[in-house]
Structures are given as C-alpha cells and as structure tokens.
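These notes are about the structure you will find just below.
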Amino acid sequence: MGLSENFEEQRQPFDESKSITDNKDSSLVTLNKKWSLANSKIIPRETWTNTFEFILSCIGYSVGLGNIWRFPYLCYQNGGGAFLIPYVISLVFCGIPMFVLEASWGQLLSIGGLGMWELCPILKGKVHHGGAGIAATVCAFWLNIYYIVVLAWALIYFFYSFYNVPWGDCNNWWNTEKCVPEYGCRSLNETLKTFYNTSDLSQYEISNLNSSLLPANLTLCNENSTQAVREFWERNVLHISNGIEEPGSIIWQLSLALFVAWALCYFAIFKGIKWTGKVLYVTALFPYVILLVLFFRGVTLPGAGNGIYFYLAPDFSKLSDSNVWIDAVTQIFFTYGLALGAIVALGSYNNYHNGIVKQAALICILDSSTSFFTGFVVFSFIGYMAYEQNQPVDQVAMSGPGLLFLAYPSGILKLPGAAVWSALFFLMVILIGIDSQFCTMEGFFTALIDEFPRIFRRKYGREIFIFIIYFLSYLIGLSMTCEGGMYVFKIFDFYGASGWVLLWLLFFECIAISWCYGLNKWYENLKDMVGYYPSLWWKFCWGFSCPAVCFGVTLFSLIKYEGPKYPNYTFPTWAHVIGWLMSISSMICIPVYAIYLYIATPGSFRHKMKILVSPDVDIAALRFSNCCDALPMSEADTTAK
C-alpha cells in the first residue's frame, strides 16, 4: 500500500471561519442535532488563552527530570561531546518530526489521545473504545503513579533543607555506628597518607592505622563505613528493606509527602486548561531562573572546570558502539514524552489556524538545549565534589535518583549557605517534575473526557473525575512509600513506561498517519491549518525514518534485555513477571483489538481493509463533534433547516 494511494480524492479542508450553517452535509446536520439535543448541559471545550501558554505547557511537560538526571550522565558516559552527534541526528530524523506530528494531530481534530485514532479505525474503532488510544492511556497511568514518587522524595529534602542539611553529620537518630561525615573520613585518610609520607596506602592498611590511632568508640574509615548522606537517603527517607520480598510498613512522612505532591497536581489542573495555563507561568518559567543561579554558582567552584571537561571531552571511538545510538534515541523519546497522548492533548486546545509546525520544532530545540545546559550545572557541582573528596570525576558521577539524592546533596555540604543552595535545587526539581506530572495527567484526562463528554464534561464532572483518579493513583502509589517501596519503584520505572513500550506506540502512530490515513491527505490538512505546505522533509521522516527507527530500536532493546537491579540486588522472577504484565497490559491492546475488529467486521478482506485501515474520514465532522458539542438548540435548529 502506498503512502497515500488509498486516498485518491481530496476533500475540501475544514474552515472554522465559515458558519456551520454553510455546511449542507446531511451527516453533519444529523451529528449536530444529536449532540445539541443530548448534550445541552455539556460545558464547551476550552482553548488556550494565548499561544504562549501552549508553548509553556509543552516546555513544562517535556523539560522533566530526565533532563537533569539522565542526559548529562548519558553524554559523559557515551563519549562526551561525541554523544551530541547521534543525539542531534536522532533529534532531526525522529524526535522533532514525531513531536510535530503529535501536536498537529491534536490541533487538527481538537481531541485527546483516544479520539485521535479515528483516522485509523483498526487502531481504535468507531463503536467500542480500544486499541492504540487505550494502550497509550494505560501506559500514561503507570507512568503517573511512579513518577510523582520522585516529587515526594524531593519534597522531603526540600523541607529538611531548612534544618541545616542534616545529611552532613552522624548525630541523628537514623545514623548507625558505621556512619562517617561526608568529608570526615576522607580527610582523615588523606592525613594518614600524608603523615606516613605515602600515597598508596591500601584500605586494609588505613583501617589498621585507624584502629590503632583512634579511640575504640569512633568509626573506622574503611570500606565498611557508610556516608552520612547515604544513611539519610536509605534510612530516613526510604527506610529501605533488604528486598522487594520485605515490603515492611508505610513510612508516614513519605506517604504524607506523596499526598502533598498529588494535591499540588490536583489544584494545578482541576479547573481546566485556562487555569492550568496560568499555573504554568510559575512552574515552567521559574525553574530556569533557579537553573541560571545554580549555573553561575557552579562554574565558579574549584574543580568545576574538570567536571565540565569530563562532561564534554569527546571520545569518537564510542560512536561505533550501537548502545550509544540506542541511548540517544530513547533519551529523546523519553524526555519529549512522546506516545502518551499528552502532546496531542496540549495541541488540541490550540486554535485551528495556530502555526503549530514552527512552534513544535521550537519547543523541541528549547527542550534539548535545556538538557545540554543542565549538564554544565550538574557536572560543575560534580567536579567540585570530586575536588573536595580528592577523587576522579568518574568515581562520583552517577545517574538517576542517585544524582539527585546522593551526589548533589553531598556536593553542596561545604558550600557557604549550603541550606540555601539545597532548598533552591530541590525547589527546582519539584517545579520541573510537577509540571511534567500534571501535563501528563492532563493528557490522560483529556483523552477520557473527550471520549465520554456526556459523563465528564458537565458541571463538577471534571473535578470529581480527576479527584477519583488521583485518589486511586495515590492508593496504588502507597506501595512505593513502604520500606520495600524503592524496589517497587524500580519495577514501575523499568516496565511501566519503558522504552520499548513507548517506541511500540510511536511505530503505530507513524503507520496510522503515513500508511493508513495517507501523507498527501495529511499535508492538505496541515496546509489548511498553517497556510502553507510544510517541507517534504517531514513527509520523509513520518513515512520512513521514524517508523524504521522505532521498530529497529524496539527490536534491539528486547534482544538485549536485562532486568533492573538496585544497585546489586537481583529481583526475584515473580517481580519480573509482574513487570512484564505491566508492559504487556498496554502493548497488547493494539494487536488484540485489531484482530477483534477484523473478525467482527462483515465482508470480504478488501472490504474490511477499506473500512478499518483506509476509511474516507470526514475531518470537518470529526472536529465539529469534538469542539462544538455544546451548540445551543436555536443554532442546531437553524443548521437543520
């Protein structure tokens, strides 16, 4: 099947500037009467107050924790500056095109992540609700449950920052006899080496010297010692158990922090998109102010230059490693938040003639630039920490939660006003994470509310629905506030919204537009929206490079599959089974529902394919039903006449 051979006729593009009364299509009149009669009490669908709010929402959504804790480390680990080569190539061939596709898809139809699949019924259906839309919604649900736990951790650190950073000493109830202050042990070891005029004392020799020189009641500085910052993280914040087999009890302060995080998200979106747009002025912009402050402080620290060198020093030999290219692709797709329906939802609140193509490309460039800039901040502090600890940078650099809750808290301990820098950093983490969280939730709710407007788009219907989902998500998330919660978090993180799940969904997005709906038809729709034909580059990417990369990386990731570990703990088989069930719960929706629709549709093979794969879609009727379902009765009667 050709890219658009299935659509030989070109339908007139939909023009919102024309009155509905100019449309004489009988099906549209019937649709209008049906919705105006049945939904007279339905609240009309909102739009952004201005274009800037849409841009802010996309920046707030795409600039998340992955920009802070994953990109800088991947850049350092995969060849420094050389990593930017596969990253930029992946960005141009896949990342930006897919972001533009999702945002323009939502703007075209004014609908969320479920209704968008009307363009390819075999992935959704017209009567039942299933397929790719449900798959993305399920994936977003798993992501929302565990992502917000990171905000709960950050809230605890933020509040403790006002108590003179208690992870810097060993005088707290959670500390053990093996605890050593972050720099105390290392300073003593260096003193012993200097005193004995040698630089190659082994840990065993240092331990013996400590035991002979120190009083018996003082902690030995050896490999069995634990840093104060780690004891604060594992014994006070997590109360971590020995494994997922030992869930333990709920940690009250962590469960309370999780509740506060959910409450903040609820009040950010419960009133609708116009209210959310105002919230984004704070949550999307203020983190950049904090980031700039941390940057200027970080680059002035001793050792910062060495850290930045490790971040950017190019190692072009790494480019021959296939894992480097896989990391580049998955990092882009993960940080952009593709395939979850959130970008579609945010774009759906735009005006029809908004210049979506250029805006979406600009948002992608801003997001990737933020990732690159954040690396300077992160590695300047890591370089300072390595300088203070007299260690190589690669010994202190880390990724994931360890960077946020171990490396950075440790790095600021010797800074003047450490509590202030700690509070600023974790406030930035909270703001960056919270707008990613509530924008993802907005995509989740938009998909369901648009699909069932007669239920949810009534007075207080949205607020009640959001509260129920939030409360249910909070109850499930309590499993990650137990003593074994970190292990549950790792399972959710690895399987719930894993790379192969997102790439699987993105592959079908490309197929739906390129090979089912038709690229030529899609280009006509884009021209009607933005006033010009976009570059043919987009057509090449949507039709060939994006689906090829998504399919190839998915296959490669599954072949090289290795289960999660924390850090040396091996998860039992049953935990992996639960994780795989989470992944399959979203992925299986697409093939199972497609097979069901094929069997349930009467007719020959060719007839079924015509109906399910390449239907004659009326964009005007679809968009009208999505954004005009609260049309007053008087207008409906006029239209019918």
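Here the Cβ of each residue, glycine as well, is placed from N, Cα and C on the backbone.
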Which candidate, CYS170, CYS185, does TrEMBL give as the disulfide partner of CYS179?
CYS170
Three states by DSSP: which one describes CYS179 (disulfide bond)?
strand
Neighbour count first, Cβ atoms within 10 Å, every protein chain included; then name which of VAL63, CYS170, CYS179 tops the list of recorded positions.
VAL63
Taking the Cβ of ASN67 (Na(+) binding site) as the centre, how many other Cβ atoms fall within a 10 Å radius?
25
Cβ pairs under 8 Å with the transmembrane segment (501-519): which stretch of 51-69, 540-559, 579-600 has the most?
540-559
Within-chain partners of the transmembrane segment (464-489) [C-beta distance under 8 Å, separation at least 6 from its ends]:
141, 144-146, 148-149, 152, 238-241, 243-251, 254-255, 258-259, 262, 265-266, 269-270, 441, 444-445, 448-449, 456, 566, 569, 571, 575
Same chain, not part of GLY60, VAL63, ASN67, ASP435, SER436: whose C-beta falls within 8 angstroms of the C-beta centre of the Na(+) site? Give them in sequence order.
ILE59, TYR61, SER62, GLY64, THR283, ALA284, PRO287, ILE432, GLY433, CYS439
Annotated stretches the transmembrane segment (51-69) and the transmembrane segment (250-269) touching (3 or more Cβ pairs under 8 Å):
no
In Å, rounded, how far does the Cα of GLY60 (Na(+) binding site) sit from the Cα of CYS179 (disulfide bond)?
39
What stretch of 81-99, 135-160, 281-304, 407-434 shows the most Cβ pairs under 8 Å to the transmembrane segment (579-600)?
135-160
